[in-house]
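Participant: Take a look at what TrEMBL says about it:
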type	residues	note
DOMAIN	1-117	domain 'Agd3 deacetylase'
DOMAIN	141-256	domain 'Agd3 deacetylase'
DOMAIN	257-326	domain 'Agd3 C-terminal'
Amino acid sequence: MHVSHTFTHESQDAAVYSDVKKEIEWNQAWLNMMGLSSAKWFSGGGFIPPAITGMHNADALRAWMDNGLGNAVGDNTRPVLLNTQNEHWPLITSVAGNGYDGVQITPRWATNIFYNASFLPFPTSPASPPFSHSNTFPKTQCDTPTCDLAEWVSFGNVGSMSDILTLERKTNSRHLLALRHDPFMFHQANLRWEGQNKTTINGVYGQYSMLQMWVETVVTEVTRLVQWPILSLKHDDIAAAFRERATRDACGYSLSWNFSNQTITSVTVSAPSVSDICSVPIPVTIPGSGVVDDKGFKSEKLGIDPLTIWVVLNGSNVTLQLKDAVSWSRDVLK
């Protein structure tokens, strides 16, 4: 999956329009020249600003939009970059809040797998003293668990890489179980596998990149608790999913069950507040073996999840007849 993070990685908080425009144009020209812009998983409608900067710089935001970059990821540790109405919606920039209208800021979780982990010498002997935030050593950039741990400890934490992964497991499994779709961002250095020391993750001894360590730890915990499918989307598709969620919610749609002889025989989807017109499809979970007629709507079946039909409202409500009627009684609710 390819997406631009810029070549210079220069802050855009105080950059002028021409600076940002030149950066983007050069990046786009290189991506075209290398053939990456035509790759299947390339995202050309958005980017990841260096250090998540430029979000309150009208010059930068205008340069993004003028060059076809309508979305960027934010940072959930900065409340000012979050939508305060609904945690499942993106923030759309405004002149009042950001200096320029219309750029989508997609929420994004930060992790303790750092992009700029700095090397701090630390004891390797069991008899040596523990880490302390008071340690002061020359720092150099690196891309190993040793460096990531040293960076984490420099913030006042005490522990091992195992403690970091435990923290990540507990924190991010909660986010995923809450059905938050905010992406997790990692950097190129986190991908390095070659030359890494072997370690044990989930009882399996082997060689891992820091990204692998994180994914194996977090995904194993989530799949231990639930059997939900987990999908990875490219940058622009994540942005579209957040945008569509906000649009769909604004339609005020609802679903009603239709009964016959104490069984649910069909479901009706409507959005009366917008005259049953919604510009994005509405997902409806269907029990049993499906519906008699899906009316040409997109159907989705992932893993052991029930069938989902994406209903389109074009001016009238939609009723879907169930193949398998669902018994309805007080016993069902117990």
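Each Cβ is built from the backbone N, Cα and C atoms, and glycine gets one as well.
Where the annotation comes from TrEMBL, it is an automatic prediction and has not been curated.
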Participant: Please count the residues of the domain 'Agd3 deacetylase' (1-117) that DSSP assigns to helix (H, G, I), strand (E, B) and coil.
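Facilitator: Result for the domain 'Agd3 deacetylase' (1-117), in helix, strand, coil order: 40 helix, 13 strand, 64 coil.
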Participant: DSSP-wise, what's the residue breakdown of the domain 'Agd3 deacetylase' (141-256) into helix, strand and coil?
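Facilitator: Secondary-structure composition of the domain 'Agd3 deacetylase' (141-256): 63 helix, 11 strand, 42 coil.
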